[in-house]
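A.B. asks: This structure is in structure tokens; I'll ask about it shortly.
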Amino acid sequence: MAIVNHTLGFPRVGLRRELKKAQESYWAGNATQEELLTVGRELRARHWQQQKDAGVDLLPVGDFAWYDHVLTTSLLLGNVPARHQNEDGSVDLDTLFRIGRGRAPTGQPAAAAEMTKWFNTNYHYMVPEFTKGQQFKLTWTQLLDEVDEALALGHKVKPVLLGPVTYLWLGKVKGEQFDRLSLLQDILPVYQQVLAELTKRGIEWVQIDEPALALELSQEWLAAFKPAYDALQGQVKLLLTTYFDSVSQNLETIKALPVQGLHIDLVHGKDDAATLSAQLPANWVLSLGVINGRNVWRADLSNWFERLQPLVGTRDLWLGSSCSLLHSPIDLSVEVRLDDEVKSWFAFAIQKCAELSLLSQALNSGNGQALEAYSAPIRARRTSTRVNNVAVAQRLAAITAQDSQRQNVYSVRADAQRERFNLPAWPTTTIGSFPQTTEIRGLRLDFKQGRLDGNNYRTGIAEHIKQAVAEQERLGLDVLVHGEAERNDMVEYFGEHLDGFVFTQNGWVQSYGSRCVKPPVIIGDVSRPEAITVEWAKYAQSLTDKPMKGMLTGPVTILCWSFPREDVTRETIAKQIALALRDEVADLEAAGIGIIQIDEPALREGLPLHRSDWDAYLAWAVDAFRLNAAVAKDDTQIHTHMCYCEFNDIMDSIAALDADVITIETSRSDMELLESFEEFEYPNEIGPGVYDIHSPNVPSVEWMEALLKKAAQRIPAERLWVNPDCGLKTRGWPETRQALANMVQAAQRLRETQ
């Protein structure tokens, strides 16, 4: 019973983001479809070979996607929204891109599929749409074609298929409401057909992903698994694959399924491998996800060897990544700017494959000696001065409950703020960023690469800030922002100015479609060596008599959008960041900045998958925000901004943030999100976004006025602000000017009618 190792998936984009560049070139009409397809074939061949060379026994096929793997599954099943369908019902690569990007077959705009986070990761998937009486059929053979490719190259492969129950769980009903689980019987024949085709190709194992089993599912959803897998049994062997959390809460359901193996995530789950193994059918393969697919840290293989050795020989064991390596950068070896000490702490996708090979070899031989040397750097890290900062630890230990409390309650603060700012009814503002022009990006790049000295860089940034302030004054906005010309990214910018962070050159991971992000890595205790935003906020305030907002990214968002440490809790990291940013709030206040916005768009994203764990997370997440903000005096107005949020199930926590003003994304939901605030009787001020900044469309004055009137039916007008949905970084100036002018006019009309 030799241990087999495998990965659940591999990054798609390529070391140099080749897929992104090929996609965007094709979309722009600068490359043919065949050229795009060639890039895909080359990437798949390279990635299979890289995994094989690193010692992976069983290679995943079907993890590659032209846009998103859930969207690929939709096409496999023939699930194409009517607005994106070809007249003849055919499905091709352009169909896939139309769904992801928002086009009709005629080339006219048509709403893209909704996009949302893949469980609790920073990857986004395209939400499947379901309609009553919908038909499904095998229309997109990408998986089968890629299996043929891999077999032709001589690889031993394991096709990857998103499971039917999770697929339905991920989707949304459109039009007439019905139970989407009723579609299960309609999609199973397509799954049967795919498995039959794989059987014909001599495939032994199929990895069938059901990450929904890591959730606390209702009985209705749990009951769907048995009939689904009864229908799928009897062809190839099925490895039921779960990840992102433990599955013990659903173990009775899992044990009854006619599958041949189970994969569990031992990195993020709380399951004990030996306990779980004893409860599973003896003839099942148990695949243990021991290498973290969602982070960049080198594994302590010696520790895993000690934990897993008692299981060897008790049953068929596989070793795998905790989840797909999609969420990890590709290759550490190209990171030439990281110093040797820090680099020795990391492992990217290729290195993680090698870790699987090392660990499986050691367990198969019964000799873990080779793992000691490999694990030494991660163990030495524990005492590194790069990691441990005594002053941070002392400050963290000294936190009291009072540190998270503003001086007075909101009603008292609101009076002080009204007296200080004397704002009109329906005050207008923006969320923070203004268009990042080619000139601004070029200025930052020239400075970063040494072609521009510091003085000339600051002169250039100051000019862009001056222009942004002048634009806002011309438009008649009430509370201004400096526009963030100096910031490349809302998390990276702060990470670059805080101790405890490092940055990679090529640590790209896919966010969605062709969009890639390069998250910072939190390697040690976080502190602020000097003020970060004060210089530019103070300069911007000097240009106007109107209030100027200071702009900070909040502690939970910085944590969620970085690769975090694994040796301390997320709560500890969040509170370290909060203390650093607390000092920034105090310095902004001392510099005369009276309104400070602390953005927390990731607050909801950080929720654990198990609802039973929510309260503990929300308690420390809210406390981190309050710790960050509570140093402010009564007449300093604290704003926060959240986007892509559903609030109704966390309203207590939103209110507990105790921000004076919260701005939220509501235009796309036609103000429906405000229902949560109305029902809860949210006590503080709210700025419901009145137009969607993700679209170049310019909303009319009448449209925004109507939305604001709708908002005033739910929230008292004296507590309403007027603002866009989100920052304007990705927009151009022409539509920004026009949209904001209309927004200001809508607010003025409402003032006149009050």
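Positions of Cβ are set from backbone N, Cα and C atoms, glycine also.
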A.B. asks: Name the one residue among TRP48, TRP169, TRP205, TRP561 that Swiss-Prot lists for the same 5-methyltetrahydropteroyltri-L-glutamate site as ARG17, GLU18, LEU19, LYS20, LYS117, ARG515, CYS516, GLU605.
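C.D. replies: As annotated by Swiss-Prot, ARG17, GLU18, LEU19, LYS20, LYS117, ARG515, CYS516, GLU605 share the 5-methyltetrahydropteroyltri-L-glutamate site with TRP561, chosen from TRP48, TRP169, TRP205, TRP561.
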A.B. asks: Looking at the Zn(2+) binding annotation from Swiss-Prot, with HIS641, CYS643, GLU665 already listed, which candidate in CYS560, CYS726 is the matching residue?
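C.D. replies: Only hit among CYS560, CYS726 in Swiss-Prot's Zn(2+) site, alongside HIS641, CYS643, GLU665: CYS726.
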A.B. asks: Of ASP599, ASP613, ASP615, which does Swiss-Prot put in the L-methionine site with ILE431, GLY432, SER433, GLU484?
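C.D. replies: So, going by the record in Swiss-Prot, that would be ASP599.
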A.B. asks: When the Cα of GLU605 (5-methyltetrahydropteroyltri-L-glutamate binding site) is compared with the Cα of each of the recorded positions HIS641, CYS643, GLU665, HIS694, which one is closest?
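C.D. replies: Checked the recorded positions HIS641, CYS643, GLU665, HIS694; minimum Cα distance to GLU605 (5-methyltetrahydropteroyltri-L-glutamate binding site) goes to CYS643.
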A.B. asks: If one measures from the C-alpha of CYS643 (Zn(2+) binding site) to the C-alpha of ILE431 (L-homocysteine binding site), what distance in angstrom results, rounded to a whole number?
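C.D. replies: Rounded to a whole number, the Cα-Cα distance is 11 Å.
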A.B. asks: Within a 10 Å radius of its Cβ, which of these binding-site residues (LEU19, ILE431, CYS643, CYS726) has the fewest neighbouring Cβ atoms?
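C.D. replies: Ranked by other Cβ atoms within 10 Å, the binding-site residues LEU19, ILE431, CYS643, CYS726 bottom out at CYS643.
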A.B. asks: Near GLY432 (L-homocysteine binding site), which binding-site residues out of LEU19, LYS117, CYS516, CYS726 have their CA within 10 Å?
C.D. replies: CYS726
A.B. asks: Sorry to bug you, but what's the C-alpha spacing from ILE431 (L-homocysteine binding site) to CYS726 (Zn(2+) binding site), rounded to the closest Å?
C.D. replies: 6
A.B. asks: Given the binding-site residues ARG17, LEU19, LYS117, HIS641, GLU665, state which is nearest to ASP599 (L-homocysteine binding site) when distance is taken between Cα atoms.
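C.D. replies: Going through ARG17, LEU19, LYS117, HIS641, GLU665 one by one, the Cα closest to that of ASP599 (L-homocysteine binding site) is HIS641.
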A.B. asks: Determine, to the nearest whole angstrom, how far the Cα atom of ARG17 (5-methyltetrahydropteroyltri-L-glutamate binding site) is from the Cα atom of GLU484 (L-homocysteine binding site).
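C.D. replies: Taking the Cα atoms only, ARG17 (5-methyltetrahydropteroyltri-L-glutamate binding site) lies 27 Å from GLU484 (L-homocysteine binding site).
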A.B. asks: Using a 10 Å cut-off between Cα atoms, which of these recorded positions sit near CYS516 (5-methyltetrahydropteroyltri-L-glutamate binding site): SER433, HIS641, HIS694?
C.D. replies: none
A.B. asks: How big is the gap, in Å, between the Cα of HIS694 (active site, proton donor) and that of GLU665 (Zn(2+) binding site), rounded to a whole number?
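C.D. replies: With the alpha carbons as reference points, the distance is 11 Å.
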A.B. asks: Starting from the Cα of ILE431 (L-homocysteine binding site), work out which of the binding-site residues (LEU19, LYS117, HIS641) are within 10 Å.
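C.D. replies: Correct set: HIS641.
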